[in-house]
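Novice: Just dropping this structure here.
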Amino acid sequence: MEASAGLVAGSHNRNELVVIHGHEEPKPLKNLDGQVCEICGDDIGLTVDGDLFVACNECGFPVCRPCYEYERREGTQHCPQCKTRYKRLKGSPRVEGDEDEEDVDDIEDEFKIDDEQNKHMHLAEAMLHGKMSYGRGPEDDENAQFPPVITGGRSRPVSGEFPVGGAHAYGEQISSSLHKRVHPYPMSESGNARWDEKKEGGWKERTDDWKMQQGNLGPEPDDANDPDMALIDEARQPLARKVPIASSKINPYRMLIVARLVILAFFLRYRILNPVHDAIGLWLTSIICEIWFAFSWILDQFPKWFPIDRETYLDRLSLRYEREGEPNMLAPVDIFVSTVDPTKEPPLVTSNTVLSILAMDYPVDKISCYVSDDGAAMLTFEALSETAEFARKWVPFCKKFSIEPRAPEWYFTLKIDYLKDKVQPTFVKERRAMKREYEEFKVRINALVAKSQKVPPGGWIMQDGTPWPGNNTKDHPGMIQVFLGHSGGVDAEGNELPRLVYVSREKRPGFQHHKKAGAMNALIRVSAVLTNAPFMLNLDCDHYVNNSKAVREAMCFLMDPQIGKRVCYVQFPQRFDGIDRHDRYANRNTVFFDINMKGLDGIQGPVYVGTGCVFRRQALYGYEPPKEAKRPKMVSCDCCPCFGRRKKDRKHSEHAGDGASNGVDDDRELLMSQMNFEKKFGQSAIFVTSTLMEEGGVPPSSSPAALLKEAIHVISCGYEDKTEWGSELGWIYGSITEDILTGFKMHCRGWRSIYCMPKIPAFKGSAPINLSDRLNQVLRWALGSVEIFFSRHCPAWYGFKGGNLKWLERFAYVNTTIYPFTSLPLLAYCTLPAICLLTDKFIMPPISTFASLLFIALFLSIFATGILELRWSGVSIEEWWRNEQFWVIGGISAHLFAVVQGLLKILAGIDTNFTVTSKASDDEEFGELYTFKWTTLLIPPTTVLVINLVGVVAGVSDAINNGYQSWGPLFGKLFFSFWVILHLYPFLKGLMGRQNRTPTIVVIWSVLLASIFSLLWVRIDPFVMKTKGPATEQCGINC
């Protein structure tokens, strides 16, 4: 796939395909007149047509025909100067890997299929060939049974890249094949370079080699003293292991949970059996709220019963899959970056994410980065072009000096000793030069942003004068541009770079596009057609790679021979930069990521949280995990008193002699099952074929032109019609929090997930530190949960059929969908203290000694549970308290609005718009924290806060009026009211902004004390003269 092939734009439904070549400047060719071969010194010579022989059309490096032929046949097949793959020229013999040229050669007789082990798949492909072609015109070869494939029928390894011709030949290929039908390809085993190299050897040698690779073949007796055997033994060990929480920490925690549950039951029993007759309404409201809180606590608490940690061994991963002198066996990874609006998601932030991906510590031929621009913005396209050029300098710099993190913006802003552990004398010089390069890169990106502020009347125009295809963001064709690839994708030192592909799916009026979930599904299909890696990592545009070994951490689980096959995804915790030190609005969310997710990892795995997750592609395709072999049951013997015998498989014994007939039935069932692929995956034979390749790889005989044309097809707006996309496959539709729904479907099929917490955070992102933005973000999450609750995928009743979802895992998923409804009792409970103070009533009767002890035990159990939870999780008490505060703030604002909007959507069909959270930050450090942005979400918390403050003033004033006996009942009411005010304290700070550096607590107490003393002054009224003695009105004049 050539990086300079141009922007491919088209619409499958409209049968349109355009290649725009002129966006980037072409490389000038050298003048070859009179030059000699730079390799052997002979004259360059002429072609068969009498023209000067040119081996490389990219740079014109002078090479004669014999050296060109030798390099293609025996060498690397690349130009020595620009590293571009040599194309086949007229008169030259074909070598493996050449592109298809239907007007010159017929390669059908050159490559034959001889792999007998794949007969089932060939039958499936024959059915696909007849049933699944979607018809783009008559076929050129009516007698062809199968498309051409390479010898042995093997699929090409995904790490290999498919070359493409020059710009003109490339355009001719696309235009010449526009009306041909695309056929599926016979699928064989996954591409494995080591097996391909050894396929000429004997069967025993290949078997022994495979066993040694898996660690199942021991050494010969005479090799017992081999020093390399220690490494082989190390490679056999598991790649990761569970680290259970110490029993001294977890056992007291569990016992306290049980004790708290018992105390809670006694407390509710006491509350129900002791009503308050003079305030029955307040009492009943409080009882309902407390019962709901108890139910919500159970759903949240018990999934944390089995928390675990995990440990990975990266050295064992290298020993097993990266052996010296052998091809790298690490699995390829397709990485997805999604962006929508460059005005809210700055291009510089997206560029840093892409640069950190391209510089990861992973084989470059195993990485493919796909950037989804769902807003079809030319600004994003041009910024990505600049990013690709800067990556040629940044990537080798990172790998040469082992830079961490590998996002330049964050690396250059780190306030650390950057000379630590650096021994190369040239580091300081190169770092300064690179910093200057990055500053120039930022200037170019900012210039593009400034240019984009004013849209031209006729729309955006590309450099070659072609109108930008995405000028109408709601009506534009699909677009694909390969910025970096195998051909043309080299860095400043001539080394290969990972692939970088720009994708903007087609959008037309009248079609449902399903927002982010639809964009991610389009990326799944595009990547399957072009590279088809078995694993996929998805990142938000503002989440850069902070740990360059993050993907290796995930591979320790996904490629582990023991547990890897049943793992659907590896989720990393979200970590954030740019948050104020005190984390006022709990943006870090450490209680969820460090406590709840660890607990779920001990059951069936963590939930998917939308970013920082490495998926198994087959799991997203809706396949079930491989079944574990079950041990036959033991039954007692009827004839003798033995321990037991194994129960025979009745079905197996009856049909043991019908092996041949069973094979025919299996073939027939396989063919019938393939007929449903079109309804399941869509009408793309190339894509359907890729779904059958469990270990990845691209169809071997596909030309790049056909693949790019097919990629345009699979991102067309009508491709998902009448398929299972969004309902059973890929990211699931039906909620704006598609992440929770997607992970839930996988767990219901029996997959398990893994929670990976490396010591160095794998990914870091930006979070909205402004109060209004934070509440809007929480509103979006809560609204998605409400949508799931009212959908057919509600965890309360979905997924019982297979029995694959564990009960505690279901508890966690139910809690993720019902937590917004807690806002209703929470709002009522936060209002009750103020009502009690204003009406001089209370929700509880006068309590006895037993009731007092019960209350004390309940509060002690709540605090003790929290302390022990912090003890085994490592979360600080400040983070825990911030989480508690924001639970109340978000509960009576964002969650409340989410419930109302969700009900309006379900009952009245009123939809709400999805708002992208702004990723931009203020120039001043934490300047955005103090910015006040009015939103209706602020009304409920403000109201609750004012009511409670007024209630405190009224209650204290009333106690002053009524004397000493009224202070006792007042303390209980004040306690609950201050509990509410204390939880809303960060909200009050957000409302007051900077307050001119006046501490908020001073303002609060000033208001309270001023109000109390004002009322007290009015009550005393010292300016009015009072007569001492008896009242004359009562006693009379003669008293």
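Just so you know, glycine gets a Cβ as well, placed from its N, Cα and C.
Note: TrEMBL annotation is automatic and uncurated.
Note that the structure is predicted; figures quoted are calculated from it, not measured.
Got these off TrEMBL a minute ago, pasting:
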type	residues	note
DOMAIN	37-83	domain 'RING-type'
REGION	185-225	region 'Disordered'
COMPBIAS	194-211	compositional bias 'Basic and acidic residues'
TRANSMEM	251-268	transmembrane segment
TRANSMEM	280-299	transmembrane segment
BINDING	SER338, LYS344, GLU345, ASP374, LYS515	UDP-alpha-D-glucose binding site
ACT_SITE	ASP374	active site
BINDING	LYS516, ASP540	Mn(2+) binding site
ACT_SITE	ASP739	active site
TRANSMEM	818-838	transmembrane segment
TRANSMEM	850-868	transmembrane segment
TRANSMEM	888-908	transmembrane segment
TRANSMEM	929-950	transmembrane segment
TRANSMEM	970-988	transmembrane segment
TRANSMEM	1000-1020	transmembrane segment
Novice: Within the chain of ASP739 (active site), which residues six or more apart in sequence place their C-beta under 8 angstroms from its C-beta?
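Specialist: Same-chain residues close to ASP739 (active site) (Cβ under 8 Å, separated by 6 or more) are VAL607, TYR608, VAL609, GLY610, TRP731.
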Novice: Report, in whole Å, the straight Cα-to-Cα distance of SER338 (UDP-alpha-D-glucose binding site) from ASP540 (Mn(2+) binding site).
Specialist: 6
Novice: With DSSP as the yardstick, break the domain 'RING-type' (37-83) down into helix, strand and coil residue counts.
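Specialist: Secondary-structure composition of the domain 'RING-type' (37-83): 9 helix, 4 strand, 34 coil.
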Novice: What else in the chain is close to the transmembrane segment (818-838), if you only count residues 6 or more beyond its ends and a Cβ gap under 8 Å?
Specialist: 282, 285-286, 288-289, 292-293, 296, 299, 782-783, 785-786, 789, 888, 891-892, 895-896, 898-899, 902, 940, 944, 947-948, 950-952, 954-955, 973-974, 976-977, 979-980
Novice: Using all protein chains in view, find how many other C-beta atoms are within 10 Å of the C-beta of ASP540 (Mn(2+) binding site).
Specialist: 24
Novice: Grab the UDP-alpha-D-glucose binding residues from the record (SER338, LYS344, GLU345, ASP374, LYS515) and give me their largest CA-CA distance in Å.
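Specialist: The widest Cα-Cα gap among those binding residues is 16 Å.
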Novice: So of GLU345, ASP374, which of the binding-site residues has the fewest other Cβ atoms within 10 Å around its own Cβ?
Specialist: ASP374
Novice: Report, as a single number, how many Cβ atoms besides its own are within 10 Å of the Cβ of LYS516 (Mn(2+) binding site).
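Specialist: LYS516 (Mn(2+) binding site): 21 neighbouring Cβ atoms within 10 Å.
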Novice: If one measures from the C-alpha of ASP374 (UDP-alpha-D-glucose binding site) to the C-alpha of LYS516 (Mn(2+) binding site), what distance in angstrom results, rounded to a whole number?
Specialist: 8
Novice: Please tell me which one of the binding-site residues listed here (SER338, LYS344, GLU345) sits closest to LYS516 (Mn(2+) binding site), measuring Cα to Cα?
Specialist: SER338
Novice: What is the number of other Cβ atoms found within 10 Å of the Cβ of SER338 (UDP-alpha-D-glucose binding site)?
Specialist: 22
Novice: On the 0 to 100 pLDDT scale, where does the domain 'RING-type' (37-83) sit on average?
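Specialist: Mean pLDDT across the domain 'RING-type' (37-83) comes out at 78.
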Novice: Let me know how many other Cβ atoms fall within 10 Å of the Cβ of LYS344 (UDP-alpha-D-glucose binding site).
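Specialist: The Cβ of LYS344 (UDP-alpha-D-glucose binding site) has 14 Cβ neighbours within 10 Å.
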